[in-house]
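Record features, source Swiss-Prot:
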{"type": "TRANSIT", "residues": "1-33", "note": "transit peptide"}
{"type": "MOD_RES", "residues": "62", "note": "N6-acetyllysine"}
{"type": "MOD_RES", "residues": "118", "note": "symmetric dimethylarginine"}
{"type": "BINDING", "residues": "326, 332, 347", "note": "[4Fe-4S] cluster binding site"}
């Protein structure tokens, strides 16, 4: 066995001589043009830190930086992710927000929806046009009859029928009662979220009186199913118009009391002025409607621009804001309640006599007295409520000025007694999409005020 053997090194480092049995590598004379050897990273790291007397503590020591700039890990602040809702009392139902906070400031707001999804639009396709009506009460369950009104107008447009004048006046009357119901809920719960409890208790007593009007006319306090295609279900009972007049006469005093407590209140103004500001351009780009649009200074009200039923025969003003903040939207809602009282008084004074259902046997069921004497009327009633009436093929988009904004129904008929497709346009969906824009840069407590001013109900958003 030879004492020495030559081993050619790889990558031009040079030949190395390996002594037999020793394991010691001796670098040979580098050849001409060979590259200089560079230590690898692992070789260099073994000399970093404390090398003199290594121990468990000193092994992790590092030399100080040469430029005297050392970033400590304790000073690196990361944003906090906070889950707001769906159990939070200020979430107005089942709203879940994923908030990214920098300290107390909101950097990002991500709404998560769908926790109240019930598949309403699909369920409607399996019901007749009359059986689908109660689903609309349960969409925006704070303004029930306004939803019914939009659906009934859409079906009437496809059927090419028009309800009698008395039915139209009754619709407008209860549509404005519903608007007051909604705005009471919006304003007082907004105040309750911020910390003012008294208006909530004051105004809910008035709200109970309006629920009584609902009950006297339909039998139900909330989900009335009263406004139907072709008119309304029943005529107004005796004495109801007198009681509505007494209510409207005294209700303006309740509004004055709430305004006296809130409008010039220092705490209320600090919590709402310049909070959640939306410019007119942003409001249009996000698809806002209703008070959210009018609060930014755009005078757009479907009762004025595209009148339905008898809104072209009543006089009222459309309040608009100037700054587009929470305070302006509060003032708009309060003034809209006063304008609704004006419309209610005009409806009571101009209420005509006559029928409350369209004179069309294919749509309107026979009267109870006829059913007790005529077998044909009984059969007609049975067929109408089991099979329904056939609607000519076509499609329509019908929108009304609901209390929260533009509530639209896109209805497609294929000629059968069931809708082929019913698409519901909820105003709160677009408002919730703008929550990130409205709350960015505000404090965490201001997010509650912004949710309250949007007047969100998840029955119509999740559907």
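Glycine residues also receive a Cβ, built from the backbone N, Cα and C atoms like all the rest.
Mapped onto this structure are the features recorded in Swiss-Prot.
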residue : record                        : DSSP class
118     : symmetric dimethylarginine    : coil
326     : [4Fe-4S] cluster binding site : helix
332     : [4Fe-4S] cluster binding site : helix
347     : [4Fe-4S] cluster binding site : helix
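You'll find the Cα of residue 326 ([4Fe-4S] cluster binding site) roughly 31 Å from the Cα of residue 118 (symmetric dimethylarginine). Each of the binding-site residues 332, 347 was scored by the number of other CB atoms within 10 Å of its CB, and the largest score is that of 347. On a Cα basis, residue 347 ([4Fe-4S] cluster binding site) lies 36 Å away from the residue listed as 'symmetric dimethylarginine'.
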